[in-house]
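S.K.: Pulled the feature table from TrEMBL, pasting it below:
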| type | residues | note |
| --- | --- | --- |
| DOMAIN | 7-185 | domain '3-hydroxyacyl-CoA dehydrogenase NAD binding' |
| BINDING | Gly12, Gly13, Gly14, Gln15, Met16, Gly17, Asp35, Glu94, Lys99, Ser121, Asn145, Lys276 | NAD(+) binding site |
| SITE | His142 | site 'Important for catalytic activity' |
| DOMAIN | 188-284 | domain '3-hydroxyacyl-CoA dehydrogenase C-terminal' |
Amino acid sequence: MGETRETIGVIGGGQMGSGIAQLAAISGFDVWLHDSDSGALQRASEGIGAALRKLVSKGKLSELAGTDALNRLRCTSDLEDFRHADVIIEAIIESEDVKKKLFSDLDKLVKPSAILASNTSSISITRLASATRRPAQVIGMHFMNPPPVMKLIEIVRGADTSEVVFSKIKALAERFGKTVICSNDYPGFIVNRILMPMINEAFHALYTGVATKEDIDTGMKLGTNHPMGPLELADFIGLDVCLSIMKVLHHGLGDSRYSPCPLLVQYVDAGRLGRKKGIGVYSYKKEPVKMLIS
């Protein structure tokens with residue numbers, strides 16, 4: 001990116017959006033973080049502040065750099081503040097209709113040279129770009145969770161994404177200290193095209209009684225050197241997110257092998273979404289302490 005300090009807009013104050021905003025601020029950009037929910041913005045701001053203080057206390061960031069990063073970050077509930085942003089990265093709900101509406105609104109608002117990037121993990125960049133008048137400046141920038149920690153960014157070119165825009169976003173990802181992989185615009189891209197069917201198959205193994213959830217996860221951790229088993233990982237990602245991506249794969253590729261496992265569907269229907277809800281495949285709720293009466 002250029003010598004002048006550029007502005008990055010991040011939309012979505014959840015774990016992904018706040019993590020991306022933190023990365024951008026640490027990397028020297030002016031950052032606007034947007035969420036329509038003021039409570040989410042407050043939590044994001046406090047979370048980023050705590051994360052920066054932790055990095056300073058561990059000696060991974062100087063006190064001056066931490067203060068500077070926090071000063072470069074501004075929160076807003078008004079998209080008008082993105083009018084002069086150079087790159088806008090959306091990290092909102094994984095819904096094509098909602099993302100398209102946002103991109104259409106941004107297209108009318110932001111400056112002509114602005115790049116619109118999506119953190120989508122599976123939705124077609126080409127279709128998102130079709131909601132704008134600047135398809136050459138729309139690109140996928142898929143961060144892994146949590147963004148400040150995970151080393152990978154998956155860049156996805158839409159059918160009309162220009163070479164100039166691809167080069168700028170690749171340089172931006174590298175400035176964030178990330179390794180870049182590039183995918184063409186096919187359902188699931190690279191990571192989730194491979195990961196989600198494995199998670200879905202783990203659910204089938206549990207559903208059909210092949211083994212217990214613990215043995216399925218232990219088998220994959222110790223047998224294939226994965227840091228987390230597939231069912232534990234699904235809980236971390238969110239079972240609703242896993243189901244959404246499986247539906248995208250099934251619809252986009254038209255192959256029955258991508259059909260979501262009935263057990264995964266049932267868990268999501270029951271609200272068992274994983275860590276964020278305290279229960280998914282595993283329970284994360286703390287058991288109440290039982291008093292022993294002698």
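Note that Cβ sites are derived from N, Cα and C of the backbone, with glycine treated the same way.
Curation does not apply to TrEMBL; its annotations are automatic.
Values in this document were obtained by computation on a predicted structure and should not be read as measured data.
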S.K.: At a 10 Å cut-off from the C-beta of Asn145 (NAD(+) binding site), count the other C-beta atoms across all protein chains.
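M.R.: I get 15 for this one.
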S.K.: Using Cα coordinates, what distance in whole Å links Gly12 (NAD(+) binding site) and His142 (site 'Important for catalytic activity')?
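M.R.: Pair distance, Cα basis, whole Å: 14 Å.
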S.K.: Looking at the binding-site residues listed here (Gly14, Met16, Asp35, Lys99), whose Cα lies nearest to that of His142 (site 'Important for catalytic activity')?
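M.R.: That would be Met16, the closest of Gly14, Met16, Asp35, Lys99 to His142 (site 'Important for catalytic activity').
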S.K.: For the binding-site residues listed here (Gly14, Asp35), which one has the lowest count of neighbouring CB atoms within 10 Å of its own CB?
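M.R.: Sparsest of the binding-site residues Gly14, Asp35 by Cβ contacts within 10 Å: Gly14.
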S.K.: Grab the pLDDT values for the domain '3-hydroxyacyl-CoA dehydrogenase NAD binding' (7-185) and give me their mean, rounded.
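M.R.: The predicted confidence over the domain '3-hydroxyacyl-CoA dehydrogenase NAD binding' (7-185), as a mean pLDDT, is 97.
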S.K.: In sequence order, what residues of the same chain, 6+ apart, have a Cβ less than 8 Å from the Cβ of Met16 (NAD(+) binding site)?
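M.R.: Spatial neighbours, sequence-distant, of Met16 (NAD(+) binding site): Ala91, Asn119, Phe143, Asn145, Pro146, Pro147.
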S.K.: Just report the maximum Cα pair distance in Å for the recorded NAD(+) binders Gly12, Gly13, Gly14, Gln15, Met16, Gly17, Asp35, Glu94, Lys99, Ser121, Asn145, Lys276, no decimals.
M.R.: 22
S.K.: Among the recorded positions Lys99, His142, point out the residue whose Cβ has the most other Cβ atoms within 10 Å, with all shown protein chains included in the count.
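M.R.: Result of the Cβ crowding comparison: His142.
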S.K.: What number of additional C-beta atoms lies within 10 angstroms of the C-beta atom of Gly12 (NAD(+) binding site)?
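M.R.: Looking across every protein chain shown, the total is 23.
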